[in-house]
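Enquirer: Here it is: the structure, laid out below.
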Amino acid sequence: MEKSEATTIDVAETSRESKGKAPLLRDPPAWVPAAVERQRAAPAYKRGVAIFDLILRISAATAALAATITMGTTEQTLPFFTQFFQFQASYDDLPTFTFFVIAMSIVTGYLVLSVPFSIVCIARPVAAAPRLLLILCDTLAVTLNTSAAGASAAIVYLAHNGNSDANWLAICQQFNDFCQRTSGAVVASFVAVVLLIFLVVLSASALKKH
């Protein structure tokens with residue numbers, strides 16, 4: 001009885017066949033975990049920025065409202081008068097203070113209306129459209145606020161110190177309460193300016209992370 005011997009012949013793979021095959025499991029590149037970690041950290045960072053934005057926005061609205069109410073209710077009448085004159089000072093005697101009240105009312109209204117958009121940024125931290133709208137409107141608000149605060153600060157300075165070259169007398173020695181209230185309103189408006197600038201910087205920082 002003959003025994004058949006099986007001969008095994010090993011055929012080497014060609015380079016073309018070896019290129020078409022890839023291992024099923026292999027270690028990911030070193031940069032993949034870092035990229036995934038950055039993608040996970042971005043929403044958390046933006047949500048933190050949005051929460052801080054909301055706090056600053058409410059604080060700025062409070063400062064702007066305080067400036068508006070303080071200036072809008074500023075009036076003082078001196079206890080003495082003559083037969084023809086009564087010595088009285090009111091914010092609407094000066095167009096600059098009237099502009100201040102109108103401008104700060106607009107800024108206050110905008111800041112209150114922008115709070116829902118800030119809440120949307122907390123709920124959807126990766127959304128760029130609400131953040132872009134806020135940074136544009138915040139820039140307009142800080143411009144209006146700065147113009148009103150700067151113009152009123154010049155009038156308050158003249159009320160305290162006068163101008164000898166123009167023969168403008170200081171009135172704060174007589175109208176002390178009037179000057180204190182207008183000065184407080186101007187200080188509150190500059191606080192709102194600083195907070196609005198921080199809001200613009202925060203929005204720009206959040207957009208940069210996109």
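Along the chain as shown, residues are numbered 1 onward.
Heads up, the Cβ atoms here are built off N, Cα and C, so glycines get one too.
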Enquirer: Are ALA127 and LYS208 on one side of the membrane in Swiss-Prot?
Expert: yes
Enquirer: Residue counts in helix (H, G, I), strand (E, B) and coil for the topological domain 'Extracellular' (160-183), per DSSP?
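Expert: Across the topological domain 'Extracellular' (160-183), the residues distribute as 10 helix, 2 strand, 12 coil.
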Enquirer: So, by DSSP, how many helix, strand and coil residues make up the topological domain 'Cytoplasmic' (120-138)?
Expert: 14 helix, 0 strand, 5 coil
Enquirer: Going along the chain, which residues at least six beyond the ends of the transmembrane segment (99-119) come within the CB cut-off of under 8 Å?
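Expert: Same-chain contacts beyond the ends: 50, 53-54, 57-58, 60-61, 64-65, 67-68, 71-72, 91, 130, 133-134, 137-138, 141, 144-145, 147-149, 151-152, 185-186, 189, 192, 196.
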